[in-house]
Structures are given as structure tokens and as C-alpha cells.
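What TrEMBL says about this one:
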type     : residues                    : note
ACT_SITE : His117                      : active site, nucleophile
BINDING  : Asp8, His62, His105, Glu136 : Zn(2+) 2 binding site
BINDING  : Asp8, Glu10                 : Zn(2+) 1 binding site
Amino acid sequence: MKVYISTDLEGISGVLTFQQTGRDENGQEYEKARHLLTRDVNAAVDGAISGGAEEVVVIDGHGGGFNFIIEELDPRASYIMGPGRVNICPGLDESFDAVLLVGFHAMAGTKGGILDHTQSSTTWLNYYVNGIKMGEIGQQSLIAGHFNIPVIFVSGDKATCEEAKQLLGNIETVAVKEGFTRNCAKILSPKKTKELIKEGVARAIKRIKDFKPYIIKPPLEIKIELQNTDVADRYERMEWKRIDGRTVLKVVDSALKIL
Ligand SMILES: [Zn+2]
């Protein structure tokens, strides 16, 4: 069995602020967050292998794709890192059996979602595919679905886990924190979440036959409500169709083109 683990930083154990995700001017909190990320990633790799996966590929998906502490990574997996990705899941193809999402966050506009956003935390208000409002879990699931692969596991905060179950049904989830507001949460120790992630991923791998790929048949109508007319003007110049002052739309023929 071959699995693909997609990662983000906002839903990692102990990550609560945008300073931790790379906006910190002196970078100290971000540097610490990289270690937290690497711990959650290693726990997922450990769980995948103990659950029966023979090959594990992990993508460093946050920002420019260079967040893992390389020398601390579990040697049993391989890792896709670096900027200039061709799409959000480089290297993913039909040869994989499952996709797992580690450190994900709730879609833009989710109350109590830690660092909630959809792609851009400053310019996107809402994102829809064929009228279905979704966030990054939905986007990743559609891309996995393009290759006929199910998403079987999600870790993040409680709101993220609820969003995943709402979209994908009874998949395995691990909530590493529970948000009260966008930046304040009840968190668990990374020592505890390491165990929970390992066990949750192993359970998901063992239950792989229970899960179905998330597929919406093309054509796919992508609609984005943007923060303001300035941003919408920019999208219009990039050949999106302008629907109203701050809404743009395009129709694509493949889930690989939804972003
Ligand atoms: Zn991110």
C-alpha cells in the first residue's frame, strides 16, 4: 500500500497564531512551529507504517514548501519540498491508495476555527465548486478524487475535523486543539497528539476499504468571493469572469485546475 500525506501548518499541534506560520518578523515563533510540524508529520508516518503502508510520500505544503526540519524527519518516508510546485499535490498519481491530510485548518469564515482561511487569509472570503462551499480539505479531496483516491484521515482543530466529516463522511480524524476564537484554543501537549495522530492514521489505513474518493464530475464551476474590488479587478485581468463587484468565476474541465 502506498500513501500520500499532504501537510499544512495552521492545524499543527500548538499552532495558534499567524506569527507561528511565518509572519513573525524575527522568525522565532515560526522556527519553533517548524519543529511542532515535523513532530506531527513523523507521528503520521509512524502511524501509516504501523498500519500497513509500504510506501509513504509526504508533501511539505505550507507556504513556499520549505518548513520541515529535514534532519529530524522519519527516514522511512520520502518528502516533497521546495517552492514552485506545479499544483498543490505534486507527485500524486493513480499509483497511490490513500491521501491523508495532516495539520489542516477550517475553511474561511468558520467560527472557532483556528487560523481559518481558504488559500489566502487576506483576499478570499468564500470559495465554491459547482455551488458547494468548500475550503482546502475540499480542494485536496477533489484532487485526490481526480486520481480515484480517497482522503482517509484529517488532523487539525476540532472545527477542521467536523468540516472533514461533513464533506467526506466517517473518515478518521484527530483534533489536536479546540478553538474558542480564531487564535485561542484548548490545546493538547504535542506528546499526547503524537500518540493520537499515530493511532488515528493507523486506524484509517486499516479501514481503507470503508472510504470512497470524493468526485464531482467536470465541468467544474469555480466561484470565489474576494475581499474587495481591487482583488477582483486583478482576477478579471487573469481572465476570470466578473460576476459582481467582488465575485469571479471560471469553468474548468479537470479537478487539477480548481486553483
Ligand atoms: Zn498553510
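Cβ atoms are placed via backbone N, Cα and C, with glycine included.
TrEMBL annotations: computationally assigned, not manually curated.
Within its own chain, His105 (Zn(2+) 2 binding site) has Asp8, Glu10, Gly11, Gly113, Ile114, Leu115, Asp116, His117, Gly135, Glu136, Gly156, Asp157, Thr160 as residues 6 or more apart in sequence whose C-beta sits under 8 angstroms from its own. Using the Cβ center of Asp8, His62, His105, Glu136 for Zn(2+) 2, the list of other same-chain residues with Cβ within 8 Å runs, in sequence order, Thr7, Leu9, Glu10, Gly11, Gly61, Gly103, Phe104, Gly156. The recorded positions near ligand 1, defined by a Cβ under 6 Å from one of its atoms, are Asp8, Glu10, chosen from Asp8, Glu10, His105, His117, Glu136. Neighbour density for Glu10 (Zn(2+) 1 binding site): within 10 A of its CB lie 26 other CB atoms from the protein chains shown. In the three-state DSSP scheme, Glu136 (Zn(2+) 2 binding site) falls into the helix class.
A sphere of 10 angstroms centred on the C-beta of His62 (Zn(2+) 2 binding site) encloses 22 other C-beta atoms.
The local packing around Glu136 (Zn(2+) 2 binding site), expressed as other Cβ atoms within 10 Å of its Cβ over all shown chains, amounts to 27.
Asp8 (Zn(2+) 2 binding site) is surrounded by 27 other CB atoms, counting those within 10 A of its CB over all protein chains shown.
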